[in-house]
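The transmembrane segment annotation in TrEMBL covers 221-243, 284-311, 317-342, 354-377, 383-413, 444-467, 473-501, 513-532, 544-561.
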Amino acid sequence: FDFCQAEGKKRPSENLGQVLFGERIEPSPYRFTFNKKETCKSVCTKTYDTTKPEDKQKLDFLKKSMLLNYQHHWIVDNMPVTWCYDVEDGQRFCNPGFPIGCYITEDGRPKDACVINSEFHEKDTFYIFNHVDIKIYYHVVENEALGARLVAAKLEPKSYKHTHPDNPDCSGVPMDISNKASGEVKIAYTYSVTFHEEKSIRWASRWDYILESMPHTHIQWFSIMNSLVIVLFLSGMVAMIMLRTLHKDIARYNQMDSTEDAQEEFGWKLVHGDIFRPPRKGMLLSVFLGSGTQILIMTFVTLFFACLGFLSPANRGALMTCAVVLWVLLGTPAGYVAARFYKSFGGEKWKTNVLLTSFLCPGIVFADFFIMNLILWGEGSSAAIPFGTLVAILALWFCISVPLTFIGAYFGFKKNAIEHPVRTNQIPRQIPEQSFYTKPLPGIIMGGILPFGCIFIQLFFILNSIWSHQMYYMFGFLFLVFIILVITCSEATILLCYFHLCAEDYHWQWRSFLTSGFTAVYFLIYAIHYFFSKLQITGTASTILYFGYTMIMVLIFFLFTG
């Protein structure tokens, strides 16, 4: 963007999660000394001569970023520097970033941040926020060794056309860049900083003021109640079926003396000789089950840690780092589960099974990620992952995850196959004509609706935190929703599975995986809707990136719900 740059300062080191999410922290040219007040200090002056093509290109890029409302994100002592302003209902909203500038349209309408100042009135003009008033709040530590701690940093973006850039006075008209301007444009960047003592904020709770201004906690409770009602309804249904049907049937079995009565079986008891027939494509199903178990445990542990407060927003990139490391370490359960199921399906090719478990799903995710990275790299984006990190991720996968999967599979194959309570007949039974709603596809499509209904409000906030850079800190809610989702998926699948068996259709393995796995398809549809209704993304590369990353999330979600 060609803002002022810090000379010769080293970049702060970053953890794996930050690198994967493309967060790059740069050193700053704005220098503060504690408790030393600065007024209107100059940082640097940039001059653009519009007759030179490279200068014009830089200026156009700056204009485009103002038009699209790009934001600065600044960090002081690991705290985001916030810009707080009043919104409706007398509330203050604290934004953890502030815009580069703003634009007044040709018919004189101010866009985005231009509404803050009535002096911004020239038509078809850009106003750049080249001056910031920073207020740093601290409290003095009483009982320990003398010192002070920073508890908040706030700023006001301003725009000034400095008449003397060498000794600026920070007054006068705003810095306007007319869209049609030609000749020389000079932008002088300046700042003022003041320090204020704030006794009421404790250092431990210094993030609260940012999080409080994030709205929507009441929506959350509403959505949780909504989901709980669905869960109660489903649990009631499952319990009813279990109690009524099974109780009746067991009672009837106990009364039987002669074999004649046994001929008059009905519903799901007719298929007892076929119920444990191995499914078609049993290899793929067992691999999916293995990877799904891995993701399920990973999500559970990550959210559990996040609830305990280890992965707060203050700890940048911790969430992603934790998830990746856990996923790598959980190769063993994946191998074990895949091997157990594959063996119980009567599979013989155990080498193929282990290799697929360790490479199929991670391989798809990695390939997708790699292609996205190539696009970022081609666009020259700062979010592109350096080659070293890619090698490190591959090393984690091949040197830790794969051996662990092999160990898990070894134990899975060593154990005896799962014993089936009934024998499988030699000859497969014919499946009668099915009614519309017991056919495979309608059942699967219906099955995904209930779990999706439980999560879609949370989904909105999660997508916002990924794409619109809002902070996500409601891990308690998320953990609750996660538990509800697990229960809903299981119960919806049990119900539908029961209906299918009553209709004498014994192909239940794939169907039960896909019934709740179909939630991921609804998730994809929702992500497409979100893209068109909430995001203003232009350009091919950005669109491909959005959908590329969405596909990774959809695949992980599919394995997890299934």
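Glycine residues also receive a Cβ, built from the backbone N, Cα and C atoms like all the rest.
Remember, TrEMBL labels are computer predictions, not curated facts.
At the 8 Å Cβ cutoff, the transmembrane segment (221-243) and the transmembrane segment (544-561) share fewer than 3 close pairs (sequence separation 6 or more) and do not count as touching. Of the two recorded stretches, the transmembrane segment (473-501) lies close to the transmembrane segment (284-311), with three or more CB pairs under 8 Å once pairs fewer than 6 apart in sequence are set aside. With a cut-off of 8 Å on Cβ pairs spaced 6 or more residues apart, the transmembrane segment (544-561) and the transmembrane segment (383-413) reach fewer than 3 such pairs and are scored as not touching.
Within the chain carrying the transmembrane segment (284-311), a Cβ under 8 angstroms from the stretch's Cβ atoms is held by residues 318-319, 322-323, 326-327, 330-331, 333-339, 341-342, 345, 347, 353, 356-357, 360-362, 475-476, 478-479, 482, 486, 509-510, 513, 556, 559-560, 562, all 6 or more beyond its ends.
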